[in-house]
Amino acid sequence: MTDSLSSNSSFDSASISAADQNVVRSQRSGDGGQMLASVTSRRWRDIFWLAVFMLHLIVLGCGLVVLGLNRFKKTDRLNIDRYTARFMEHHSGLTENYWPIYAVAGGVGTVLGCTWLLLLGSHANEMLKVSVHILTTYLAVDSVLCFWGDQFFWGVVFATGAAFQFLYVISVIDRLPFTMLVLRKAVKMVLSLPEVMRVAYAFMLVMLLWLGLWSFGAAGVVASSMGDGGRWWLLVVLSVSLFWIGAVLCNAVHVIVSGMVFLVLIHGGREASSIPPNSLMNSLRYAVTTSFGSICYGSLFTAAIRTLRWEIRGVRSKIGKNECLLCCVDFLFHLVETLVRFFNKYAYVQIAVNGKGFNHSARDAWELFQSTGVEALVAYDCSGAVLLMGTLLGGLVTGTCSGVWTWIKWRDRVSMVGSTTMLVGMVLKIHC
């Protein structure tokens with residue numbers, strides 16, 4: 001839990017400070033009450049994306065039930081088979097054969113996340129060093145195991161990932177001490193707000209409940225014998241959906257944290273008598289009502305663009321004097337920088353404080369960074385990348401445990417189960 005919250009808070013305080021300097025001045029001069037009063041009249045934003053997300057949630061939920069029940073028990077499948085026999089063959093594997101593996105993946109992911117939470121609070125530096133340096137080794141070992149198990153594609157994927165991870169760490173190693181300092185400050189800030197932690201635990205419970213339904217449908221897909229191509233396409237669709245839902249819940253917590261941190265900073269401390277009553281419930285209400293569409297919209301694109309930006313920055317810093325390659329990378333870099341103006345995680349601060357739409361919030365946040373000089377600090381910070389490494393490591397450990405069990409019982413399903421349980425572990429790690 002602290003993982004996602006500290007990632008959200010590591011430069012949210014800088015973002016809030018940059019975005020709301022004038023608000024702080026007006027608050028101290030007696031005009032800040034108008035701003036705080038204005039939040040009661042917030043309008044619904046990005047309603048289209050809210051509708052898309054809710055429709056996707058309803059359709060997917062029904063689909064997961066059908067996919068899981070289709071391979072659940074022969075006595076329970078008689079009616080459903082009449083509708084699904086056209087595109088699904090009968091197979092001896094059943095949903096209940098694979099569902100326990102996903103349950104184990106959920107348990108492993110939760111244990112890893114809670115362990116990370118406890119150790120991050122007391123041994124932050126050591127845990128972050130483990131995330132940075134162990135991930136490369138773990139990817140390399142996984143690639144060897146995949147080659148040994150005749151999983152050539154995944155062996156190449158993990159070997160390539162190990163190489164990119166090694167190159168990225170080499171390119172940013174001089175920035176890690178500053179990153180450790182930022183994350184220590186973020187962890188301290190988050191742990192000082194226990195009420196926010198309780199809300200975050202509630203969101204994690206919601207994620208676990210959804211994972212129970214999602215894994216039921218995924219187990220049904222793995223158990224079916226519609227053909228490898230059909231099963232892989234369904235699993236890809238389910239994985240993208242799970243990533244989006246996980247990102248939405250995580251960013252909803254992000255908005256709640258940003259709203260609370262803003263109030264703590266603007267009032268000079270969480271014990272200040274001037275903090276409005278029920279401020280946490282107000283932040284929660286805005287996050288799941290008027291601003292929820294903006295959260296759904298941003299969650300669909302922000303993570304991919306941010307990851308691409310990290311990779312391009314790492315490659316760009318190590319090109320040297322190869323002008324042709326530098327020109328190509330610069331083109332990609334400026335293209336991604338343009339996208340970042342409209343899709344960046346700092347938009348969630350503006351959403352929390354002002355209730356703006358996502359694109360408007362992202363553009364305002366980025367312009368404030370550029371006008372105040374905070375952009376240089378944000379560019380130098382690698383906290384998001386370091387926490388992503390911890391998330392990947394948690395997912396890899398979860399996928400390895402589930403993959404080994406599947407390898408022992410059903411070798412032809414190991415890649416499907418291993419890849420999807422790795423995603424389950426990553427999603428749980430993000431929320432822990």
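In case you wondered, yes, glycine gets a Cβ from its N, Cα and C as well.
Automated prediction, rather than curation, is the source of TrEMBL annotations.
In TrEMBL this protein carries:
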| type | residues | note |
| --- | --- | --- |
| TRANSMEM | 47-69 | transmembrane segment |
| TRANSMEM | 99-120 | transmembrane segment |
| TRANSMEM | 132-150 | transmembrane segment |
| TRANSMEM | 156-178 | transmembrane segment |
| TRANSMEM | 199-226 | transmembrane segment |
| TRANSMEM | 232-265 | transmembrane segment |
| TRANSMEM | 286-305 | transmembrane segment |
| TRANSMEM | 385-408 | transmembrane segment |
Cβ pairs under 8 Å between the transmembrane segment (232-265) and the transmembrane segment (47-69), at least three:
yes
Contact set of the transmembrane segment (47-69) with the rest of its chain, CB cutoff 8 A exclusive, min separation 6+ beyond the ends, reads 76-77, 80, 84, 95, 99, 213-214, 216-221, 224, 234, 238, 241, 244-245, 248, 292-294, 296-297, 300
One stretch in 132-150, 156-178, 199-226, 385-408 has more Cβ pairs under 8 Å to the transmembrane segment (99-120) than the rest, namely 385-408
Same-chain residues at least 6 beyond the ends of the transmembrane segment (385-408) with a Cβ under 8 Å from one of its Cβ atoms are 3-4, 6-7, 98, 101-102, 104-105, 108-109, 112-113, 116, 127-128, 130-132, 134-135, 138-139, 142, 145, 149, 165, 168, 172, 176, 179, 183, 307, 310, 414, 417-419, 421-426, 428-430
Long-range CB partners for the transmembrane segment (286-305) (under 8 A, at least six residues beyond its ends), listed in sequence order, are 39, 42-53, 243-244, 247-248, 250-252, 255-256, 259, 336, 339-340, 343-345, 347-348, 351-352, 355-358, 361-362
